[in-house]
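Taking it in order: structure first as structure tokens, then the write-up.
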């Protein structure tokens, strides 16, 4: 076990390993927020300042803001957007299958030829950008918690997850554009369809609560997502897939952190529920 870990996770990465498949694409650099690291850095810094300091202090002596209709619209848009991302990833596989090149499902292990004028690669790049935009918009989740004075939901897990995802998706699209993101994005977007649909129904009011009896499974779905992601990412390393190794290791550690944090959250919530039943 130690030998395997050293070989696949702790081996010395050469410069070629780090830069494999890593390149800036002029087309992507021309897109909104992609030319420089400063815009996304500014967004995340202001996000952290607002949700951790300014926002709670500003709301301290104010009544919670009624955001019912804003949340209904926001969550509905998130559901539709996530469905669109899922369908677009599936469309990439359909387009590859239609070419009869044997690349359709191999794409999750071997990178596509980097022909930047290719329609499939353009779709892959576009998907990366739309996914990045989704992570930026999701920062509003925490802003809404602050405005509604739901400070108990502004946990370290929540803030870390949202801020690191915004930064990571920017860096991934900017420098790597690797096909690891296709499977990860598909799985995460599918989970977000379920999650934001739950939030949508919950925002409709108490008389709709009976339709979200499956709330207790939400954290389990998140945990399942991270376990599948981690299995896939470790598989990329173990089976020698021709993906950017340093990015894959970074993603492994990040997903592991999410998994452990969500496990801790689930354990505490489960223990709290058991105490209430006693």
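Quick reminder: no glycine exception, Cβ is built from N, Cα and C everywhere.
Unlike curated records, TrEMBL annotations are generated automatically.
Summarising the annotation, TrEMBL assigns transmembrane segment to 31-52, 72-96, 129-147, 159-176, 182-202, 223-240, 246-266.
Counting Cβ pairs closer than 8 Å and at least 6 residues apart in sequence, the transmembrane segment (31-52) and the transmembrane segment (182-202) reach fewer than three and form no contact. Long-range Cβ contacts of the transmembrane segment (129-147) within its own chain (Cβ-Cβ under 8 Å, at least 6 residues beyond either end) map to 28, 31-34, 40, 43-44, 47, 50-51, 55-56, 59, 64-65, 67, 70-71, 74, 78, 81-82, 84-85, 88, 153-154, 158-159, 162-163, 165-166, 169-170, 172-173, 181, 185, 189, 192.
Below 8 A, the CB atoms of the transmembrane segment (246-266) and the transmembrane segment (72-96) form no more than two pairs separated by six or more positions in the chain, fewer than 3 in all. Nonlocal intrachain contacts for the transmembrane segment (182-202), taken as residues 6+ away from its ends with a CB within less than 8 angstroms of a stretch CB, comprise 71-72, 75-76, 78-79, 82-83, 85-86, 89-90, 92, 107-108, 124, 127-128, 131, 134, 208-209, 211-212, 214-215, 218, 221-222, 225, 228-229, 232, 251.
Long-range contacts of the transmembrane segment (72-96) within the same chain, counting only residues at least 6 positions beyond its ends with a Cβ under 8 Å from a Cβ of the stretch, are 103-105, 107, 119-120, 123-124, 126-127, 130-131, 134, 137-138, 140, 144, 182, 185-186, 189-190, 192-193, 196-197, 199-200, 203-204.
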